[in-house]
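For reference, the structure is listed below as structure tokens.
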Amino acid sequence: MESVMSKYENQILIFPDYLEEFPDTDELVWILGKQHPLKTEKSKLLSDISARLWFTYRRKFSPIGGTGPSSDAGWGCMLRCGQMMLAQALICRHLGRDWNWERQKEQPKEYQRILQCFLDRKDCCYSIHQMAQMGVGEGKSIGEWFGPNTVAQVIKKLALFDEWNSLAVYVSMDNTVVIEDIKKMCCVLPVGAADPAGDFLTASNQSRDTSVPCSAWKPLLLIVPLRLGINQINPVYVEAFKECFKMPQSLGALGGKPNNAYYFIGFLGDELIFLDPHTTQTFVDIEESGLVDDQTFHCLQSPQRMSILNLDPSVALGFFCKEEKDFDNWCSLVQKEILKENLRMFELVQKHPSHWPPFVPPAKPEVTTTGAEFIESTEQLEDFELEEDFEILSVG
């Protein structure tokens with residue numbers, strides 16, 4: 001196994017570069033809902049990009065499942081992209097979209113805690129170990145390549161065990177986002193009005209008017225898996241796809257090419273800007289100080305770009321809505337920019353479709369242990385239902 005991984009690593013390290021240096025142009029660059037005039041704000045643009053957490057292949061971590069691979073080189077790229085999208089959601093949740101990372105500067109304690117959620121250890125809630133093991137419940141063997149929809153389902157299930165970040169993760173189905181279902185999942189009611197610091201219960205079983213604001217809102221990670229063509233992206237979707245990167249709720253997109261995943265964070269013209277996980281670095285652990293050396297978790301090189309028409313049509317868009325007003329604003333933007341198209345990229349509907357099974361907000365299954373440590377073996381995944389993976393990535 002190790003010799004095979006070494007072969008992969010050598011191939012990956014000499015991966016041909018895409019477009020890197022930004023051209024001399026007056027065009028705007030959009031990065032995760034923020035615009036940067038390229039000519040006047042290039043340094044600010046590069047700083048914004050390097051502030052994103054960058055997760056790549058790693059080697060020399062403890063074997064997954066005790067006897068599995070100790071490197072994810074060659075198969076873990078979509079998992080790493082999923083980690084990057086989720087990490088951006090957590091940054092927005094705790095530090096805000098405008099927070100910026102500065103090299104070798106002391107960072108907020110929330111930043112370190114977020115980073116430690118993704119370390120390559122079985123006891124970290126969003127580690128490669130946890131994601132790969134949870135993928136078994138989605139029909140993926142450990143060491144098998146994941147598609148965007150599978151990663152979205154894995155994130156949704158792992159988030160149930162993450163009490164600190166307390167995210168509601170909604171993964172759309174059949175290219176349709178249902179407002180009523182999201183409000184049921186995210187609106188929470190206090191247990192006893194006299195105790196504002198008390199625990200909260202979801203209002204999922206209550207019939208409520210979704211036009212009435214919630215008393216409290218569980219931060220929402222919204223993932224929309226899409227297929228934007230058969231063997232290649234249909235040009236009719238290009239403008240709507242780009243509009244999603246302009247939305248202030250944007251977490252970018254998961255996608256790429258068959259068996260080569262990238263985390264897309266913005267665009268310039270008709271070129272997508274992405275972070276590339278195809279670099280193999282050595283496992284980094286928590287130091288004696290209790291902190292993590294974060295120098296290898298930020299990409300300090302100029303980001304890569306590719307033509308949007310070269311994108312494989314199987315993608316997943318991500319959005320983060322910290323408060324209910326953010327979600328309501330997102331709905332308005334979708335109605336204005338996405339639903340106006342003759343061939344819509346996805347649908348946004350108010351009510352749960354009558355021909356669908358009833359919506360049941362995801363709940364943590366009953367297990368004997370709690371937190372990330374619960375997935376010690378694939379036998380413990382039987383409480384989760386298998387989600388149908390609709391994506392059919394083109395080959396060749």
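For all residues, glycine too, the Cβ spot is worked out from N, Cα and C.
Predicted, not measured: the structure shown is a model, and the values here were computed from it.
The active site, nucleophile feature in Swiss-Prot is assigned to Cys77; the stated evidence is similarity to another entry. Per Swiss-Prot, the feature active site maps to Asp276, His278. Feature annotation from Swiss-Prot assigns motif 'LIR' to 390-393; the stated evidence is similarity to another entry.
Taken as a whole, the motif 'LIR' (390-393) shows an average pLDDT of 41 in this prediction. Looking at Asp276, His278, the active-site residues in this record, the fewest other C-beta atoms within 10 angstroms of the C-beta turn up around His278.
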